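Since the structure comes first, as structure tokens, the remarks are kept for the end.
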Amino acid sequence: MLLPAGLLVVSAIEKGIATVREYVTSGVWELLQVVAVFAIAYVLAQLFVRLFGRRISQRFERPSLARTTIRGAKATIYLIALFSVLRIYGFRLSQIALTVTVFTAVLGVILAPIVGSFISGIFLLADQPYEIGDMIEIADTGQRGFVEDITLRYTKVFTLDNTFVVVPNGTMRDRDVINYSAEDTRTRQSLELVVTYESDLAQARRLIESAARSVEGVIGGGPSIRIGSARYPASPTCYITAYGDHGVHLQLRYWVEEPYRLVAVRSEIQTEIWDRLDDADVEIAYPHSHLVFDETSGELPVSMRPEEATRRQ
């Protein structure tokens, strides 16, 4: 009886080994197929970028749209590869569609903010408030820098402080963004100062305007610059804005050729103004108090009513 029982055990072991071998062989083959599919997808994605990347960039003329189109094409290639892998493991097309539908519904609930950022990214690409390479300023934070990248989910800004700011598109659409590079890079700036009433006002205005014209980067003259339906002088112009308590308020309006050195240009203009006014009959006003004394200064008059005098006695 031991011999038949031993034969049964040996037979069971042989069947088990055959089953494991078949499973392992099948699993390894499927794994090799998966690796091959993703390798082919990677090669196709890189080949697509090499063959059509430059054409797409020339076609759209906007780096943000070109990058988004290329990323979408690569994502489509990898998505097809993922469906092929699911087919390798026995999933049918109807099962894949059902799985994708359920997965999308779950993601829609869990990842609603991210989906909102994607939608906002589409609107940003359509509205074109700024483009890659533009210099922008986020009004509420005062952060200024160059747009490094625009995706469907976020906008990356390389600030002038040598840092990166990544802003979700959902919040970017709700903020006021100043674009200094849109269409015309010339930027109009203003500078306020006050001179005393005793100063030569005409000379002060001439010196301030000439100081601004002498700074590199400031438009010194030429045809008037059009903004909308209005035209403004291209050369620096000094206006009288008000007569204040301490002096005459002046405002210098000037144009800068490029918006990338606004602070440096402003500082150079103020330095030139200081040097020129210091050598002229013009004094910059500042708040001060003028005390006037007469013959009664230093005396304190005191009076006493009669009833108080009687009470004191």
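Heads up, residue numbers simply count up from 1 along the chain you see.
Note: Cβ is positioned from N, Cα and C throughout, glycine not excepted.
Marked as transmembrane segment by TrEMBL: 31-52 (among others).
Feature annotation from TrEMBL assigns transmembrane segment to 72-90 (among others).
Positions annotated as transmembrane segment by TrEMBL: 96-126 (among others).
Residues annotated as domain 'Mechanosensitive ion channel MscS' in TrEMBL: 114-181.
Per TrEMBL, domain 'Mechanosensitive ion channel MscS C-terminal' is recorded for 194-284.
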Checklist entry - What average pLDDT does the predicted model assign to the domain 'Mechanosensitive ion channel MscS' (114-181)? => result 80
Next on the checklist: Looking only at the domain 'Mechanosensitive ion channel MscS' (114-181), how are its residues distributed among DSSP helix, strand and coil?
Outcome noted: 18 helix, 26 strand, 24 coil
